[in-house]
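Presented below is the structure to which this report refers.
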């Protein structure tokens, strides 16, 4: 998720969550081989054997429509230590789609196949290649064709967001539509979309028939969500004091600018306020603060 699951957020969430792996923000590939520093910016975990500090593998995700350059960049990042490569055919952003990237390519299953195959052929066989897709672009007409295109190109698994681009992020997610995809493919199908709590996870599994789940915004909003799902707990497992320590860790992470970190923290706190009353109260206290040290003091005072 661009602008959300960056290295700092991955570090924080994997320190308390129970993830099998996580994925970088998408790296846009156009017509060039990207330099090392770009990869180390998007995925500093490459310098740590491709894992977060907690030991969670980080898969590198690409977005683009140039098969030669996607292949070349995938080969490069694989040599740099990426444990797996993921391809983004799910992004619904207008600017991305306008440049023929993300979900707009779901209207061209043959292109989806070409891109996945180019990357699969370019990286060593022991490194998995996967893809993320939606049910379609403006409709679901090519839903199964895209799924088959990804499988036939050699992907190890496919993650499906249970909405079209036209649906955006508006509830509901159509989990039942993943059932025919799962039944049609031999590779694993991972369900994604609108999983905010343990009850959602159970219902998604029931309707989709998928065992594995990819969780994005839900894990950011409720940092212990993966633990709740694994332990079948409908109640939060982390106390607010523990979450305060997590927030302090977040704002002490590396950031290009102070104002940038302030904005990122407020974004996260705003998301958590949907689930935690304490977060809403804290938001009211810090929403006008622009100095990181002042926010830190507020967090420490709240932790007393």
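Indices start at 1 and increase along the chain as displayed.
Quick reminder: no glycine exception, Cβ is built from N, Cα and C everywhere.
TrEMBL annotations: computationally assigned, not manually curated.
Listed in TrEMBL for this protein:
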type	residues	note
ACT_SITE	91	active site, proton donor
BINDING	61, 132, 161, 216, 217	FMN binding site
DOMAIN	1-242	domain 'DUS-like FMN-binding'
Listing them in sequence order, which of the binding-site residues 61, 216, 217 have their Cα within 10 Å of that of residue 91 (active site, proton donor)? none
Would you count the other C-beta atoms found within 10 angstroms of the C-beta of residue 91 (active site, proton donor) for me? 23
Please give the maximum pairwise Cα distance, in Å and rounded to a whole number, for the FMN-binding set 61, 132, 161, 216, 217. 17
